[in-house]
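Novice: Can you read through this structure? Questions will come right after.
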């Protein structure tokens, strides 16, 4: 006559210890303990982290925008590297190797320039300016914004 809601069964103490022999026939709830170390709780290697989602999204944006200019994209265990030739305003191109670390929004990406016609001093000057610029500290800039900054400020470094 009275419909009482079915109560959730109590937690199986054997399952939480990893030794329940009854399996699915057990009358108790098989719930993983909170904060289980088997879940891979280490946040720095979490494959579904927000950082990975941001990094993957921004890499896709770079691949879309510079599709014709990308030579190679390689995913490594701790970083993603993109080799591309950025078009400059003066009908030249700058050969760039962009290294995006696994924790990209938290760790800054690095840049290597491979133009043979540029002197090594100018290459290192551009690389340090790219990595030390104050807008990195102000707020997060996307990879597209960083590459656009490089293209617009490139002539300033050559002169």
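Using the three backbone atoms N, Cα and C, a Cβ is placed for every residue, glycine included.
According to TrEMBL:
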DOMAIN    6-33  domain 'C3H1-type'
ZN_FING   6-33  zinc finger
Novice: Run through the zinc finger (6-33) and tell me, per DSSP, how many residues are helix, strand and coil.
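Specialist: Final tally across the stretch: 8 helix, 2 strand, 18 coil.
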Novice: Need one number: mean pLDDT over the domain 'C3H1-type' (6-33).
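Specialist: Summarising the domain 'C3H1-type' (6-33) by its mean pLDDT gives 78.
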